[in-house]
């Protein structure tokens with residue numbers, strides 16, 4: 001673990017060994033690509049680094065919150081329920097010397113539905129296309145079989161990719177526990193990779209702690225290359241997808257048990273009328289009884305979803321919004337290939 005892994009003002013952390021910048025016998029440019037001179041998005045300085053970084057981890061390890069914090073804008077929805085990310089979301093961190101494309105993926109899990117199986121396949125396909133991996137482990141939860149299962153899956157798909165350990169949610173536990181988690185994660189990655197020079201960085205996305213350190217660590221592992229996106233871009237998500245995700249985020253609030261996983265949202269149409277956008281969208285559920293829960297008594301819950309989602313969409317689009325939101329039932333859509341295709345899965 002490198003010296004960048006320490007937390008400022010945490011003097012009671014145990015001393016960690018200093019490791020060389022590169023393992024013995026491996027040249028410093030082992031992960032570097034051809035020199036970058038420029039791209040379709042403008043000239044880049046010599047030594048400019050760019051690439052794709054996939055955050056992986058068990059559900060609810062803070063991947064989406066971390067992605068939003070690093071990008072500086074909300075591009076991934078956040079929910080209290082696990083397994084709510086349903087497609088890879090790319091967030092772009094632009095620096096003078098690097099462009100880091102963060103890929104927030106659904107959490108790898110043992111699937112219970114056809115949707116779960118497809119999401120796992122999407123995650124594994126994503127691994128094959130990234131330059132490095134960020135394994136997220138919460139500071140306040142023990143490392144267990146689920147973390148090892150995910151790490152094994154990553155290593156099988158991308159055996160030579162650099163892996164950075166990220167201890168998230170350091171603000172939710174004691175300094176001593178954070179230090180112990182850093183040591184445990186470092187040992188796990190060292191065992192998996194056979195290398196001692198693995199970086200493990202503790203962060204708090206909600207408090208903004210150590211985010212700059214994490215960006216430095218990610219950038220140094222990327223190969224030299226051009227910009228993949230214009231400097232003013234923060235994501236490659238289309239507007240309809242971002243709107244549907246904002247609606248789904250609001251619909252999930254307060255839901256429990258299996259109901260959150262039965263919620264899907266699709267934007268049918270966006271009509272631009274001067275300084276206002278008219279948006280027609282549908283919430284899809286699996287059973288008629290779920291519709292009553294989403295609507296709430298006298299439609300109050302649904303109305304709250306509309307109002308909260310509309311506020312977020314106005315912030316996204318920068319203009320007034322009329323949101324027409326309906327509810328429809330697609331029976332057992334999570335396990336129906338036809339319905340999954342209709343919903344983009």
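Any Cβ shown, glycine's included, is placed from N, Cα and C.
Automatic, uncurated: that is what TrEMBL annotation is.
Within the set 92-95, 96-99, 100-103, 104-107, the record from TrEMBL flags 104-107 under the feature region 'G3'. The domain 'KH type-2' (255-331) scores a mean pLDDT of 95 in the predicted structure.
Just so you know, of the binding-site residues 60, 105, the Cβ with the fewest other Cβ atoms around it within 10 Å is the one at 60. Taking DSSP states H, G and I as helix and E and B as strand, the domain 'KH type-2' (255-331) has 33 helix, 30 strand, 14 coil. For the region 'G4' (168-171), residue counts in helix, strand and coil come to 2 helix, 1 strand, 1 coil, using DSSP. Neighbour counts of Cβ atoms within 10 Å were compared across the binding-site residues 57, 63; the minimum falls on 57.
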